[in-house]
Protein chains: 2
Amino acid sequence: MRVLGVDPGLTRCGIAVVDGGTGRTVRCVAVDVVRTPPDADLASRLLAVADAVEDWLERHQPDVVAVERVFSQYNVRTAMGTAQAGGVVALAAARRGLPVAFHTPSEVKAAVTGSGRADKAQVTTMVTRLLGLDSAPRPADAADALALGICHLWRAPMRARLAEAEARAAELTRRHRARLAEAGRRAAGKGTTP
Amino acid sequence: MRVLGVDPGLTRCGIAVVDGGTGRTVRCVAVDVVRTPPDADLASRLLAVADAVEDWLERHQPDVVAVERVFSQYNVRTAMGTAQAGGVVALAAARRGLPVAFHTPSEVKAAVTGSGRADKAQVTTMVTRLLGLDSAPRPADAADALALGICHLWRAPMRARLAEAEARAAELTRRHRARLAEAGRRAAGKGTTP
């Protein structure tokens, strides 16, 4: 499976393609940081991010797009810009019919370091090690995009198993209810009408 | 001037086209609310909003797109969805080379009611009156999108005058500095070198 991981942002947007191999092996296909000028207007910055993502989707043909989910940040203005950038990334994927998965920063950190509270340096160290890179990806946004890709590859099978278990449970519940309803109907048929 | 006003949202996205006439007259061309199912995944909801906006841009050919700027809300999750919807709206406008303006809720309220703290009922009442509508636009998101259009039409000339005044001030400052520099050079030329 090939994942396009995006750490959305307007000033710096981390973007990476990671391939999953057998077991837990992962491979870095490409990584970069898209930058847009802070003094440009918001709409043209979003357009630059959207164009870059579409170019990567076209060039690398991923199977899925993983985006970092932003809940809140110290700076509300920055958080809104980040959310908007994430929105145009998800839109680009949806336009191509690709599934989009959102992972929280703590899920990403936990996936690559084992701790949801790991710092940026730990994430960068583990990403470098897991992907067998010669040097640490810089800036942190690039490492985050790679971590997101790895997180998705490792979480996806777990998610699929979970979804399968939920579907099975729902099917059992449905059958149980159907049997109950059938028993109720039979009982009513046998009973006396007042 | 024709404005497409959008009150972004995923569950309900208000969308309206307002024409500005001579003086302060305004006319409602179209208004609607785009809804996306809350149980659908985020990417497909954003796609539905983007498709609707693109359809409106194509059908109504506005000169500018005005979007409500979201800073924060009680519910951070909702605020993020709103920001993402606003992002895809801005992107659709930018793709067509249309200017995008963001107005805060208090700017919109102040424009149509005179008070930045007006409630939803006041905004709806004033929008109905200003546009000479037979009945109040429902739900509130539809009224908000119309209010946004009116706000933009009325604020745009003020903004343009402000930008002009700022440009004039910058030019005067530049000339003044140039004269000072010239005077400095002349004084240096006349002075004695130690």
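Even glycines carry a Cβ here, placed using N, Cα and C.
What TrEMBL says about a protein is an automatic prediction, not a curated fact.
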| task | If TrEMBL is the reference, give me the range from A:99-126, A:155-182 marked as coiled coil. | result | A:155-182
| Local backbone state of A:ASP141 (active site), from DSSP in three classes | helix
| Cβ-Cβ under 8 Å from A:ASP141 (active site), same chain, 6 or more residues apart: which ones? | A:ASP7, A:GLY9, A:ARG12, A:CYS13, A:GLY14, A:VAL33
| Among the active-site residues A:ASP7, A:GLU68, which residue has the largest number of other Cβ atoms within 10 Å of its own Cβ? | A:ASP7
| If you average the pLDDT over the coiled coil (A:155-182), what number do you get? | 81
